[in-house]
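So that you can see what the record holds, here are the features copied from TrEMBL:
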type	residues	note
DOMAIN	292-347	domain 'MIR'
TRANSMEM	37-55	transmembrane segment
TRANSMEM	85-107	transmembrane segment
TRANSMEM	128-145	transmembrane segment
TRANSMEM	151-171	transmembrane segment
TRANSMEM	236-258	transmembrane segment
TRANSMEM	540-560	transmembrane segment
TRANSMEM	613-632	transmembrane segment
């Protein structure tokens with residue numbers, strides 16, 4: 001393809017602010033977003049003032065005893081240093097970074113990251129072309145918030161996350177104002193932004209939303225390049241590659257390297273965490289194992305529910321309060337227990353010497369209580385759905401059962417013998433239903449931390465798939481054995497086994513966070529985060545200014561829609577560079593505010609803290625000063641109104 005020739009505006013056309021297009025190089029040519037010596041002085045003031053305040057006025061909190069959440073994070077860091085396996089409520093990078101630091105200095109590290117967050121926030125506002133005085137408002141508003149001060153002296157990943165988040169936004173806006181001919185500088189900045197986004201996603205998984213947000217706002221930038229008639233096709237290709245290629249690829253590479261490094265670091269098994277992992281993953285920690293290729297009657301097995309976190313079919317020496325009032329059957333997370341072991345018995349003596357296949361009916365006898373697993377017409381005492389059937393244990397060790405105690409272990413390989421670690425469905429013959437489990441847990445007053453098990457027809461395959469694991473082969477038959485599991489020494493960065501294990505860790509972390517860490521915990525309502533009130537008027541208005549800015553932007557958009565006239569001449573509807581920049585950047589802030597806020601509304605648990613609103617709050621504060629700057633530029637005298645208003649708020653705060 002031949003390069004597109006550069007074209008100059010024809011004689012008589014309107015140039016500059018009323019040009020028919022906005023040049024991709026306008027921001028650079030007009031010096032919008034550039035720094036000077038005053039900016040350096042303000043940054044030094046922020047760098048000194050905030051730590052000074054924290055060390056001199058909040059020193060008692062810095063030296064306070066570690067809270068429960070802080071202790072958890074320190075324990076995870078210790079486990080990483082010792083090579084122990086863990087499932088964490090945070091990303092891998094924060095653990096790896098903190099492992100290089102002494103636990104006695106972690107609170108000081110948080111203060112450093114919080115100070116960097118305030119400095120980045122000021123720089124973001126300056127990159128939008130806002131003057132120094134107004135640009136300092138977001139840093140001041142964030143710095144005086146009690147929640148932010150609490151984060152700044154706590155051992156938590158939030159200060160690191162907020163620092164990387166604001167750094168990513170700053171780098172993106174730095175790329176925006178670069179000359180389109182500065183290929184080398186744009187490439188270096190894009191590479192740096194890609195690394196920061198990868199570290200951000202590896203610190204907290206919400207960082208992935210930040211990455212997606214920046215990818216989305218890259219699209220209008222690319223469109224603006226294509227529409228610039230002064231650029232040739234070759235120029236556009238070069239700029240797009242330099243500007244966006246690293247943002248799209250480097251974060252994934254950084255995230256992958258950090259996850260792989262975490263996987264390779266795990267060399268010591270931790271049963272309290274590994275019990276939630278698959279049998280395949282356990283072999284990575286415990287070594288490969290020899291498993292029987294066939295299963296004979298008389299074998300002792302565990303039956304694991306694959307959709308649950310731990311999910312071992314278990315029976316307890318207690319009875320249902322309703323329904324059949326027989327022995328309780330549930331799904332438990334505890335792996336090393338005799339209460340989740342079952343002995344396979346034939347339903348017919350003629351099958352005793354044969355290997356077990358899915359064409360034969362089997363009895364599942366509980367190893368401890370010697371009762372048989374059964375399904376009945378009774379309603380489950382927890383869910384109490386009419387179409388669900390109860391699963392329980394009944395009889396004694398002499399009881400041989402009837403069709404309600406007959407189970408068929410169904411696989412996709414008809415007539416082939418069952419093997420260890422094979423996926424099955426448990427079909428009850430008498431009730432013609434499949435055993436399944438879900439996230440509904442037994443009542444807390446039962447003092448059993450387990451999930452309900454029911455029998456249902458038809459049953460969703462996702463919830464009715466189990467895995468059979470042989471604990472002790474039966475004395476009958478002569479099974480052959482084969483090696484099972486992953487060879488730790490053979491895996492590498494490009495190994496399929498590595499990424500299979502990493503993918504499982506990521507999935508289990510989310511389910512562990514929901515089902516173990518936060519299942520019974522509650523926090524503040526997400527809908528109230530933007531409207532948190534405080535007794536201090538200054539703090540309250542600093543917090544509320546974020547959502548006020550979003551509301552003002554919505555009203556502005558409605559006004560533009562009402563005022564729009566599609567029959568007007570093109571020239572009269574054109575915007576200046578500053579107006580176009582305001583529209584683009586404010587739209588980006590609102591879109592980012594919504595993305596980082598909305599994702600928490602989809603959380604499966606309610607144990608969420610208002611500090612998780614900070615990414616949205618920061619973008620809302622930037623939007624606030626964008627609007628404030630636009631009003632000031634429109635009418636300089638408006639600054640006196642804001643000063644009077646701020647003076648009134650400060651007066652009320654002192655009362």
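Glycine too: its Cβ is placed from the backbone N, Cα and C atoms.
The transmembrane segment (128-145) and the transmembrane segment (236-258) are not in contact, since fewer than 3 Cβ pairs between them lie under 8 Å (pairs 6 or more apart in sequence). For the transmembrane segment (613-632), the list of distant contacts is 121, 124-125, 128-131, 134-135, 137-138, 141-142, 147-148, 151, 158, 162, 165-166, 169, 206, 210, 529-530, 543, 545-550, 552-553, 556, 582, 585-586, 589-590, 592-594, 596-597, 600, 638-639, 642: same-chain residues at least six beyond its ends, Cβ to Cβ under 8 Å. Counting residues 6+ beyond its ends, the transmembrane segment (151-171) has Cβ neighbours under 8 Å at 50, 54, 58, 61-62, 66-67, 69-70, 73-74, 90-91, 94, 97, 103, 106-107, 109-111, 113-114, 116-117, 120-121, 123-124, 127, 189, 192-193, 196-197, 199-200, 203-204, 206-207, 210, 214, 611, 614-615, 618-619, 622 in the same chain. Taken together, the residues in the domain 'MIR' (292-347) have a mean pLDDT of 90 on the 0 to 100 scale.
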